[in-house]
Structures are given as structure tokens and as C-alpha cells.
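Comments concern the structure below.
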Amino acid sequence: IENIAHLTILKIDKGDSGKYSCHVSNEVGKESCTAQLNIKERQNPPTFTKKLSETVEETEGNSFKLEGRVSGTQPLMVAWYKNNQEIYGSPNCELAFENNTILLLIKNAGPADAGLYTCKVSNEAGSTLCTSSVVIKEPKKPPVFDRPLKPVTIDEGKILQLACHVVGSQPIKIQWLKAGRELRSSDKCSFSFANGTALLEIQAVTKTDSAEYVCKASNTAGSDSSKSKVAVKEKPTAAPVAKKAPTDGRLYFVSEPQSITIIEKSLATFTAKVGGDPIPNVKWMKGKWRQLNQGGRMIIQQKGDEAKLEIKDAMKTDSGQYRCVAFNEHGEIESVVNLQVEERKKQVIEGDLRAKLKKTPTKRKEGEEEQAIDIMELLKNVDPKEYEKYARMYGITDFRGLLQAFEMLKESQAEETHRLEIQVKERSRREEQEFDELVAFIQQRLTQTEPVTLIRDIEDQTVLTEEDAIFECEIKINYPEIRLTWYKGTERLISNKKYEIKIEGDRHILKIRNCQLGDQANYRVVCGPHIASAKLHVIEPAVERHLRDTSLKEGFTCSLVCQFSVPNAKSQWYRNGKVLQIGGRYSTDVSDKVHRLIIKDVRTEDQGQYTCMFDQLETTADLLIEAEPIQFTKTIQNIVVSEHQSATFECEVSFDNAIVTWYKGSVELKESPKYSFRSEGRCHYMTIHNVTSDDEGVYSVIACLEPRGEARSTAELYLTTKEIKLEIKLPDAPDARVAIPVEVPAEDIPILPILIPMPEEKKKKEKVVKKKIIKKVTPKVPEEVPPPKEPVKKPEPPPPAPVPVPVPKVEEVIPTKVAAKKTEEIKVTTVVKKKEPIYEKKKEIHEVRKEIHEEWEEEYGEKHEYYEKEEGYDEGEEEWTYGERKEEKTVYQEEWEEEYG
């Protein structure tokens, strides 16, 4: 750039700090200026090299700490926040920051210390955040039996149940001991533990079950035990038991089945009649476990309150104990009977005179009717030698017919023999088949180590009120006599309008309809030796903790928290009534019952009303964002401009889309030929065209942006000179802006010798100059006045001392920077050091400028910022001169007077 010297230092470091000087010289003289360069250390924003733990869980009463490490340019400022509220050190809360390690220590944690902790580390280059969620759990409590075991006396053969209740922190381990030895689960002995209740159940107790039983409960915090002494009495001799009377009309036998004894191959029939409300269902069991089903030789029927079991072609293997079990929603009752199947014996009938008379007429006494005699039946069991005797006895004289009967008898006997052979073969085949089945069954049992195979067990269920709950397990039953049963506590469940029990292959399903709070319980599944339990939680939907109104500043992380009574519920978030799209800065988190909406780097557009909705429940809170106020990053500056030029005020605001309004005094300015406005991003400009003395004054700009408020900046416009009318009318000069606090290049200052008047005129001007300095620009003096660099080529100066003429530089008279430092230091040293010849040279220069001025007016007519004439200055021309420059004239005069006094 012309007349501007640059020094560029690439890749500076701290060693480049120091004082730099610039020396300028030409034929007339030399000048220098200095500047101090200070290199600051590069500022690195803080970063977390070791972040805080995302989640910290601690027990109430213990201490916990949040620790991390940061890096960045010192000094680093550390601040801690809990739920967006800043926290400070206290006896219970210790904050530390040493060697770039941050630490927060809570010594005695309580429920109030739970929440979202944020650490903010900042320096001049920026800031960073790190968060951690702290959960405070209740302290572990050792188990305590609030309902201990009680002594029990029970009759032999009955079911023994020992129950106790224990409280304490889960998980609790339960052990049962008999006479000091731990009991194991078996077909006879089963355990369960749910809702704090431990249950021991022993089927069909005997005298050997008498002992001291101990229930031991333990967890990580301790253990406790409860004892019970069990005495089993011998079963008293059974007296004839009367027929069972109805039990409250709910379930009873009207008539019980009876034990029977039959011959093999006969039909065995058991019949029972039951009563109750509702009518009970009946099932038939053989022995203790095997349930009989319809099919093959078994016929099972139930019509209303009558139930029947028929066994066709009974065999000796069918002998045994049978049970008729009646059940409904009130429970079940049973009746036990015995079936005895005896072997069939062959019977030989000799002389059976009770023959049925068919076909053959016989003579009877008078008055008796003739009856037909069945000859085949008559002779069936008679020795052939006795045929004739028996025939005559019955009055048979037709021996031809007797012969025919004999032939028919032989055929009949042959058929009977063949039929018996077939029956024997069929029986043998069935027995072999049954034997094979028995062998296969025994082999199957020998190869199977467990009677049941567990594939999938039941699990805890949580449902809302009036919803259905479903417990499901998958168990493969390896022994057909094993059945799976469901229990609610100790109550056995059956299918009814409340409970639905289904079996689909190996899947066993219990469905509980229309759950209410009273259905909350421990549900058990018992299948042979396998016993499992699960809890049913019925929840009435409610908002346990509502959202809270929150207010915080821009840039922070916001966490809106609420809590429903339903764990892991699927909720929906809304902002100002509209569904909130999750993603980017928005994220949600559901932890058990707690629902969180997390908004990172909050902005003003995030402000509004937030709602979390689940089912028919909702909770609402307002989020208020404290917006960063709008401000000017670049304010408007005072401008000094020549008359008829254009002046432009420029400013820059901190946010886009700001509404900018310009004022002169208190009057708002509008777009017109006089004023024009434009904006480029955050920069805004106001241009005043063809400036006149009326345009001098105070100008203001107001930037407004909701909700960030407004900002104001003010500056003044000064008129430096009035145009001297020339023969040619000049147009507006190009846009020129002179900011008062900016440096003025030395070449823009008029040459002092030109302004030197005669002694009388000089004193007159000095008064005016001093007045100007006081009013306007006293501190606005350039630091250095380097000599002009480019000589004037148009006129030829006198031979003794050619001096460069700055007239061609007049176009840059309005500079971009003016410094306001050390007015008193500016001196024209060249004038001080010269003697009288110098004064003569100045005169010559003055005369030369006069000639140059005339030439320059014709050639540079478009540039009209300064017109210098020695004679004929009026008051307006006096105003053209800078106050500083007039002072320079005074300084020059004083020095000259000292030299030539």
C-alpha cells in the first residue's frame, strides 16, 4: 500500500516479544517510530482428560466422591452445580482443585444429596461441562422375624405347614433345618418365600417328622432364626364316619363311590354324586399322583352333579386305590375307594336241569303249558353217553332231531373252542404289550435323572389395575403321573371366572383377570420336585413426583425429572402442547419409575411449557431460559468529514436478526436520498450523503432482539471544512470516514511552512486555534509526523532546496485511524535546527506551493478536500485547519522566534 510500511513476522513465539522501531529517511531528513510487541501464551480451552463417573450409587450414611482431571491454560475456574443450582463448600461438602484434579466429597450422604451433579471448568479460551448422576440407597437392614414360628401339634397323615414372616433388605436367603440338618426339597417336602413370608410344607406327616424345625434368614447385613417344635400324634382309630355334611353349601359329596370286588374281564363301575356352588368338577385318580383320562378301557363321564368311572375288561393290574376328587373355586374334597380284581375260574356244569326250553316241544302234565326246550343248551354240559337218558327225561322221542341237535352241539363246541383260543391269544398279546410298555416306562425312568425338565420359569409381573396378568412357565414333565398346580400363597388355584389355567404343550399359563390391589400376592407353581414363585404387583397409576419449573442460563444442560408409580412406563414428552421430537440436543431416560428429559446446550428457543404424559396422567412445568443480552461487538465511532462528502456509521451486534434503528438526536431516521441503510449479517451501516453543517450532531443506533433486550451506541459527526467555491462545480467526494481515536498518517498533515503568516497575522490565528482545541479535538494529535515520501513533479522548485509537495496526497487527508497520544511531543525539529537560511527557504517553498496550487486545481479538480492559499483566508478557512496543526504553527513560531529573536 502506498506510503505504508509493513513488517510481518511469521509463526511468532514468545522470543519475538520486544520493542520494534521503524526508521524513515529521505533527502530532507529522517524519522523513526517504535512499538512494543508482547506475545501472549496460546490459550487452550479446558477439557476433561478424566471424566466424572456417569452414575454413582452409595448407601445412606456413607461418603461418596466425584473425581476427575482437566487440562487447559491456567488459570482454570471450577464451579459445581447440583440440579443446575451452584453448590459451595461446607462441613459436609468438600470441594478441591489441585494439580488439575477436581474433587467433590460428600462425607455423610443422605437422600437430599441425590441428584445430577455438574462440574464446569472455564478459562479465557472457553469452558467445558461434565455431569454425574448420584443415587443414594437406603442402608442395608439385617433380617428380623416379626412373626416367628410357633409350636405345632399335628395328627399323623396330615399336611404340616410352618410359616413365618421376616423383614430386612433384599435379597434374603432362607434355610430350613430339622434337628440341625438342612432340609432339601422333595416330593414330600417343599419350600417357598415371597413377600417376606417363608413357608415349609410337609405332606402326610409321620411320627418320624416330629422334631425341632429352624428357619434361618440371612443377607449381607446379618442373619436371624426362628424355631418351632413339631409333635406328630398317632392317627386315632377311625370310627364309622357319617356321610359328609355340606360345608357351608360350597363343596360336599351327596353320595360317595363305594369299594368293589369283581372278576377279571368284568366291568368295574364307580359312581359319585357331588354338591356345591358352583357345581364341582370331578377328576379320578389312581393312587396318589396318576390322573385317569378318557380313552381305551377307561370311560369317564360327568353329567351335572353325577360322576362315573368305568373300567372295561378289568384286569388284576387294575386293582388298587382310586380317588374321586371334586373341586371348585372354594377348594377341593376327595373320597378314596378300592378296586379288587380276582382271577376268573372255569366252571363245569353237570346235570344242569335249568335248561332253557326252546324249539323242541315236550309233554307236561295236564294243566301245564308246553314249553320249548333248547336241545343245544340242554346237552351242552352233558356227557354224550347220557344224551338219550336226558332226552327221554324231557320227553324227547325224536332221536332224529336229537341227532341234529348233537351235530349242532359239536359245531357249537368247536366254535366255542376256537373263540376261546382267539381270546387267549388276544389276552396274551395284550399282556405282552402291557409288559413292553412297562419295560419302556421303567427304562425311561432309569435314563431320566429328573422327573421334570425346567425350560423357562415364571417371572415377577407388574400390571395396572383392571388389567390382566399372565404368569407363564415352560416345564417338560418326564413322568406322566406328575401334574403341575398353581397357588396364590397357600391357596390352590383352579380355572374359574377369575383365573384361567391353560396347558399348551410344555407351556403352562395362569391368567388372572381384572387385577385389583387385592390380587397382589406371591404366586407359586408346583410341578413334582420343582417349586417356583413370582410376585404380582398391581399398581394404581399416579404421579409420584411432578415436574418442577426450571430457570437457567443459555449453554447449560437442563434435566426435567418426574416420577410415575408404574415402573418402566412408556411416556411421551410435549412442548407447548406439541409432541417433542427426541434427538440431537434432546434425549430421554427411563430408570424404573423415574422419567428424565435432558436438553443439552439450552437456547432461548427451548423456552416453553413441557409436559410428560403416561396413559391418562400428565405433569407440566415451565422452562425459562435466561437469554444472553444483545450487545455491540463493534460500536459506532465519531466521524470527522468534509462538507459535501458522504459519512458512514458502522456497527456490529452479537446476534443475527436484530432490529436496528438509527437516530439523530431523538429523531428516528428513515430511508431517503439523504440517508441510506444496509445490513450484512451482523454488521449494519448508515450513510449520510452530501454532508452539510446541518448534519453535525449526535447519532445513535439501537439494536433490539427479543427476548435479549436492546443495546445502544452513540457517536458524533463533525464537519472539518467548508468547500471553497471554484469555477468548476465538483461532485460529492467518495465515501470518507475519519474516526477520531484513530491514527493520522503524517503525510496527511499540511506542511507547516505554508501556514506561517506574518507576525501580525500569526497572533490573530493563534487565538482562533486555541479556541478550537478546547472545544473539540484537543487530545487528537498524531504521535509522529514522518516527512512526505513522494516529491512533486509538476513545478520545478528553486535550485537551493527542492522540497516535496504533499498536494497529490490530499485525497487521503481523511484517514482511517487517529491516535490520541502525547500532543506536546510533536515538534518540527527540522525547523529548530536550521538557521536564517532555512527561513528564506521556507518562504521560497511557500511561494512554490502557491504556484503549485494553481496548477493542481486544474489537473486534480476532482479532489477538493483541501485548498491552501496564503492570502485571503476567511473564517471558514480558519475552521479547516486542525487544532493540532494550528498548535504546530504556534510551536514553529515560538521556536523560530527563539532562534531569530
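In case you wondered, yes, glycine gets a Cβ from its N, Cα and C as well.
For 46-135, 142-231, 236-340, 451-523, 541-624, 629-720, the entry in TrEMBL reads domain 'Ig-like'. If you look up TrEMBL, you'll see 781-796 marked as compositional bias 'Basic and acidic residues'. Look at TrEMBL and you will find 797-807 tagged as compositional bias 'Pro residues'. Annotation comment: TrEMBL describes 871-881 as compositional bias 'Acidic residues'.
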Range from 46-135, 451-523, 541-624, 629-720 with most C-beta pairs under 8 A to the domain 'Ig-like' (142-231): 451-523
Composition by DSSP (helix, strand, coil) of residues within the domain 'Ig-like' (142-231): 3 helix, 55 strand, 32 coil
Segment proximity, the domain 'Ig-like' (46-135) to the domain 'Ig-like' (541-624), 3 or more C-beta pairs under 8 Å: yes
For the domain 'Ig-like' (451-523), residues assigned helix / strand / coil by DSSP: 3 helix, 41 strand, 29 coil
Number of helical, extended and coil residues in the domain 'Ig-like' (46-135), per DSSP: 3 helix, 57 strand, 30 coil
